[in-house]
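Notes follow once the structure below has been shown.
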Amino acid sequence: MTILGTTFGMVFSLLQVVSGESGYAQNGDLEDAELDDYSFSCYSQLEVNGSQHSLTCAFEDPDVNTTNLEFEICGALVEVKCLSFRKLQEIYFIETKKFLLIGKSNICVKVGGKSLTCKKIDLTTIVKPEAPFDLSVIYREGANDFVVTFNTSHLQKKYVKVLMHDVAYRQEKDENKWMHVNLSSTKLTLLQRNLQPEAMYEIKVRSIPDHYFKGFWSEWSPSYYFRTPEINNSPGEMDPILLTISLLSFFSVALLVILACVLWKKRIKPIVWPSLPDHKKTLEHLCKKPRKNLNVSFNPESFLDCQIHRVDDIQARDEVEGFLQDTFPQQLEESKKQRLGGDVQSPSCPSEDVVITPESFERDSSLRCLAGNVSACDAPILSSSRSLDCRESGKNGPHVYQDLLLSLGTTNSTLPPPFSLQSGILTLNPVAQGQPILTSLGSNQEEAYVTMSSFYQNQ
């Protein structure tokens, strides 16, 4: 009996193990299955076999135990409520004409008739086109380009006819450096200048739905390989880079020439060739030998005989000369009229209007000295008081005039007398006009005079 009981126990245990592996799990095993991640993804392909559409789903986690798991679609179907998927290794698919393609369908993962997870999906938004085929590359020697052509089965379909294609090409040695070109047609032109010469290239293409239908990229088409030829420039052709540099250089030189012609006289010539003074004067200054023993002295004592005053303006000199030339004749005429009219003054007394003050005479003499008039500097400077007025004119007035004339005549007989004594009246000599000399009557007849001879001796 003991042996028989042990045998039945072993058989029962084996049946439990076999039933668990075959899918007849108990309640505890079902709870463990519910804890797994059964997320999945699906895509649809329209008109894959005539008018039939296909729907393919797969779990996102490849390690999921798919034993006893099944897919079911419900809603947006024609004539039926739900359809079950068929399993092919790790994927689940269904191929039928009963997809309505309007609205959303409910796709669920079930185990033992119980739904584990569900998704609502619109089949028109998960369309995956078929991969392009017949990819080829043709080189056109005359145009120096490559024409890429391919074909797709969607050109003859009713639903998904508008596609966007992605053409990818790379140099064979650059494994991860793909260059992509997107286009809606099935023809592409690659320029030879954009490719490396004598290089092997790999090219492939894929498609994605556009406009109404949305979805995923198709699988890549089989790769196509082509080689670029060597660049042989014909004798008449020129490198584009060299041509560009030549044109830029030509325009730059032309611009510089135009600017030089326009700005030559105003800007460039004064800097490059500055204007020089008259060549005759320049050569005279350069070639003329300096004179020797020049009578040039910077000794301050040489300038003691001639007082130097500052002249701030040329107008001051003109005013003084005009004053001396215009004022004195008028005053002399008035003096004559007064004398002839029998005024109170003595006949031998000169009018006060004729008398020149020492300050004005000094100023005029200094101006003439500055102008280089030696005769003006040599003129005697007379200073006296007017204490001897007209009351003493009858006694020593004529005598003073005669002494003055005698002293001037004895010191420098060559100079014309600046005054003429007519009837005891002192007047200006017309010859000496422009060189007025101050005369005044003074009580002291022993005044010092500076004559031309003493001036030359000092020099």
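Using N, Cα and C of the backbone, Cβ positions are placed for all residues, glycine too.
Annotation for Cys42 (disulfide bond): spatial neighbours Leu55, Thr56, Cys57, Ala58, Ile107, Lys119, Ile121, Ile126, criterion Cβ-Cβ under 8 Å with sequence separation of six or more. Annotated disulfide bond per Swiss-Prot: Cys42-Cys57 (among others), in sequence order, evidence recorded as similarity to another entry.
Long-range Cβ contacts of Cys74 (disulfide bond) within its own chain (separation 6+, distance under 8 Å): Lys81, Cys82, Leu83, Ser105, Asn106, Cys108. Annotation comment: Swiss-Prot describes Cys74-Cys82 (among others) as disulfide bond.
Taken from Swiss-Prot, the feature disulfide bond covers Cys108-Cys118 (among others), and the record attributes it to similarity to another entry. Around Cys118 (disulfide bond), a 10 Å sphere centred on its CB holds 13 further CB atoms from the protein chains shown.
Confidence across the domain 'Fibronectin type-III' (131-231), taken as the mean pLDDT and rounded to a whole number, stands at 93. Residues or ranges marked as domain 'Fibronectin type-III' by Swiss-Prot on the basis of sequence analysis: 131-231.
The feature phosphothreonine is assigned by Swiss-Prot to Thr282, with sequence analysis given as support.
Positions annotated as motif 'WSXWS motif' by Swiss-Prot, on the basis of similarity to another entry: 217-221. Within the chain carrying the motif 'WSXWS motif' (217-221), a Cβ under 8 angstroms from the stretch's Cβ atoms is held by residues 128-133, 135, 150, 166, 168, 204-208, all 6 or more beyond its ends.
What Swiss-Prot records for 272-280 is motif 'Box 1 motif', and it gives similarity to another entry as the kind of evidence.
What Swiss-Prot lists as signal peptide is 1-20, and the listing cites sequence analysis.
Annotated topological domain 'Cytoplasmic' per Swiss-Prot: 262-459, in sequence order.
Summarising the annotation, Swiss-Prot assigns transmembrane segment to 241-261 and lists sequence analysis as the type of evidence. Using a Cβ-Cβ cut-off under 8 Å and counting only residues 6 or more beyond its ends in the same chain, the transmembrane segment (241-261) has close neighbours at 268.
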Select one residue from Cys82, Cys108: among these disulfide-bonded residues, choose the one with the most other Cβ atoms within 10 Å of its Cβ. Cys108
Packing count at Cys57 (disulfide bond) (other Cβ atoms within 10 Å of its Cβ): 21
Once DSSP output is merged into helix, strand and coil, Cys57 (disulfide bond) belongs to strand
